Amino acid sequence: MANILIVDDEESINELVKLNLKLVGHTCDQAYDGREALDMVTKGPYDLILLDVMLPFISGFDLMKKIKETPVIFMTAKDRIEDKIQGLTSGAEDYLVKPFEILELIARINIVLRRTKTENTVFKLVDMEMDREGKVVRYRNKEIDLTPQEYCLLEVFVINQNLALSREKLLELAWGYEYEGDTRTVDVHVQKLRKKLGLEERIKTVYKVGYRLEV
């Protein structure tokens, strides 16, 4: 996973982002103003920077001019099209407007990390190994034949490891917005993954919520 710097002067948002990124396996440092962020960027290195725009001392846009090579995702309340254009043309990989869902942030982070090739694409858990680049899954060193939908569901669990996901959210992420089937299909596919990959003790049922992959 990645080493990520979170730069946001709102402590509650900074802490919430850090908590959830650590849950999915990333390591995080935090800065609360532009000067502190610049000092930490200089000492680095980081795989990714999550950067607010409206910061004390040095704004995110000005700070962006001093960041070399490290990919940046802006996360800010500035939602005007002019601000988005400025952020993206300054060299940022993405621009996310507050308020946002943590799952959306995590998805965007994963996309940027894949694009910049800083993310480890091999995930290992007990006797299961998943090569996300080669799209190969092994259990006890034997390649396992998963259906495309089973693979998509497993990838959603891996990306969002340790997070409780509702059946509706799993349908949205693994099946797509257009899927109109019953949420019971999630239960069926979860049971198949548990059996095929020995994940009975790892894919936990979360009462009145859905499921969580514990790592």
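Note: Cβ is positioned from N, Cα and C throughout, glycine not excepted.
Keep in mind that TrEMBL annotations are predicted by a computer and have not been checked by a curator.
Taken from TrEMBL, the feature domain 'Response regulatory' covers 3-113.
According to TrEMBL, the feature 4-aspartylphosphate maps to Asp52. Summarising the environment of Asp52 (4-aspartylphosphate), the number of other Cβ atoms within 10 Å of its Cβ, over all protein chains shown, is 26.
What TrEMBL lists as domain 'OmpR/PhoB-type' is 120-215. Across the domain 'OmpR/PhoB-type' (120-215), the DSSP tally of helix, strand and coil residues reads 35 helix, 24 strand, 37 coil.
TrEMBL lists 120-215 with the feature DNA-binding region.
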